[in-house]
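Quick look at what TrEMBL annotates:
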- CYS346: active site, proton donor (ACT_SITE)
- GLY239, GLU275, PRO276, GLY277, ARG278, TYR375: pyridoxal 5'-phosphate binding site (BINDING)
- ARG278, ARG314, TYR318, GLU347, TYR375: substrate binding site (BINDING)
- 29-373: domain 'Orn/DAP/Arg decarboxylase 2 C-terminal' (DOMAIN)
- 35-281: domain 'Orn/DAP/Arg decarboxylase 2 N-terminal' (DOMAIN)
- LYS60: N6-(pyridoxal phosphate)lysine (MOD_RES)
Amino acid sequence: MDHFNYRNGELFAEDVPVAEIAAQVGTPFYCYSTATLERHFRLFDEALEGMPHLVCYAMKAASNQAILKTLSALGAGMDVVSGGEYARAISAGVPGEKIVFSGIGKTRDEMRIALAGGIRQFNVESEPEMVALNDVAVEMGKVAPITVRVNPDVDAKTHAKIATGKSENKFGIPISRAREVYAEAATMPGLQVIGIDVHIGSQLTELEPFRLAYQKVAELTETLRADGHDIQRLDLGGGLGIPYTRSNEAPPLPTEYGSLIKETLGHLGCEIEIEPGRLVAGNAGIMVSEVIYVKSGEGRNFLILDGAMNDLIRPAMYDAHHDIIPVIEPTAGAEQTPYDIVGPVCESGDTFAKQRMMPPVKAGDLLVFRSAGAYGAVMSSEYNTRPLIPEVLVHEHQFAVIRQRPTFDEMINRDTIPEWL
Ligand code: LLP
């Protein structure tokens, strides 16, 4: 459920007409709903009720500080994967004790920043990383709390580019080697082992892969405890999928996911962390774009938009489907025509949808990409020297621009010309 609905024939974001935002901000732009963000966060928080837990929003999904503040005010922690994300979370007021640091390539500088500013835990992904973190911590006179990310060799049954829990993926250490690696960690004075971490992939639409992975983590917890390690915390990653179409069978709900966690891991008495990104932000955001031209081709018609692949890369990169709807509600029974919906960027990959059935559309109409809140704005670029598009946050009847569209000068003036030119 989200808060983008038709009222009196036009699309609203909460209590604000989307056309009104477009008139003030210009297109294309991203628009997020506070109520939807809050609702989705609470679903996870409530699903884990009864167990000590922290929901650490995977801010890679949508990292604007206004979004982080909205979630942090509800008690969210953050999952960060770079020094930049760490700095953003701190700048948004998230306390270091609520930040977990994931990622396979943390640099020593990033480790220093997080150790100096405060960190809940590092999710360590390899032995060389463990050695580096120990060195940095010892050098700073600190002890770094760690979990080790294990790779459970489970098929997440999702798109290959976003599956992470198979042995051929670059993530984590093989679960079969966990005892050895934990034994080594225990000898390092700069590290304190506090738990286990696992994340098997993104956009999972079944619970079974989670079950298989979490059962393996439960077994490992008991083995490691028997080896003398103090396993107090389990970080279970993110990955629960969202419905991208209204017709699709719905993926499992956070409550069902929460029950699965209780069932597989509840007996261990551990504190549970989860790192959802997409489910919190995905359906809390839309991208709004204007139709520039309607072009008739041979045997097919094109809707050419002012938004492009640099603004929303998911269709080009993962063949992802986003529902595309007009801001003005189509009349019931309106005739549907197939269109290829494309952006102005100079490559054929700049295609959002092929042969998509659409109600009557003309130049100047506003179209909305639904489910664009996660991995939308954060993955945008300035390809073709197109400015990054604004982000807007709606809260009931108010809205605010939370990231401005840069001017051409602001964009161009970041270049510096060497003196020999
Ligand atoms: N934790 C870790 C360690 C992760 O690598 C990820 C996502 C998450 C949590 C959050 O997963 P989520 O709940 O959002 O599924 N750009 C791709 C998705 C990449 C996901 C990367 N890791 C897309 O647009 O589909």
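Glycine too: its Cβ is placed from the backbone N, Cα and C atoms.
No curator has checked TrEMBL annotations; they are predicted automatically.
Shown here: features listed in TrEMBL, placed on the structure.
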{"residue": "LYS60", "record": "N6-(pyridoxal phosphate)lysine", "DSSP (3 states)": "coil"}
{"residue": "GLY239", "record": "pyridoxal 5'-phosphate binding site", "DSSP (3 states)": "coil"}
{"residue": "PRO276", "record": "pyridoxal 5'-phosphate binding site", "DSSP (3 states)": "coil"}
{"residue": "ARG314", "record": "substrate binding site", "DSSP (3 states)": "helix"}
{"residue": "CYS346", "record": "active site, proton donor", "DSSP (3 states)": "coil"}
{"residue": "TYR375", "record": "pyridoxal 5'-phosphate binding site", "DSSP (3 states)": "coil"}
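Of the listed binding-site residues, namely TYR318, TYR375, the sparsest Cβ surroundings within 10 Å are found at TYR318. Figure note: comparing Cβ neighbours within 10 Å for the recorded positions LYS60, ARG278, ARG314, the maximum is reached by ARG278. If you take the Cα of ARG314 (substrate binding site) and the Cα of CYS346 (active site, proton donor), they are about 17 angstrom apart, rounded to a whole number. The shortest Cα-Cα distance from the residue listed as 'N6-(pyridoxal phosphate)lysine' to any of the binding-site residues (GLY239, GLU275, PRO276, GLY277, GLU347) is found for GLY277. Closest in space to TYR318 (substrate binding site), of the binding-site residues given as GLU275, PRO276, ARG278, TYR375, is TYR375, taking the CA atom of each residue.
Cβ neighbours of GLY239 (pyridoxal 5'-phosphate binding site) (same chain, under 8 Å, six or more residues apart in sequence): ALA156, THR158, HIS199, ILE200, GLY201, SER202, GLN203, LEU204, PHE210, PRO276, ARG278.
Comparing GLY277 (pyridoxal 5'-phosphate binding site) with the residue listed as 'active site, proton donor', their Cα atoms are 31 Å apart once rounded. Calculated from their C-alpha atoms, the gap between GLU347 (substrate binding site) and TYR375 (pyridoxal 5'-phosphate binding site) amounts to 21 Å. Mean pLDDT for the domain 'Orn/DAP/Arg decarboxylase 2 C-terminal' (29-373) in this predicted model: 96.
The two recorded residues CYS346 (active site, proton donor) and GLU275 (pyridoxal 5'-phosphate binding site) have their Cα atoms spaced 37 Å from each other. Listed binding-site residues: GLU275, GLU347. The one with the lowest count of other Cβ atoms within 10 Å of its Cβ is GLU347.
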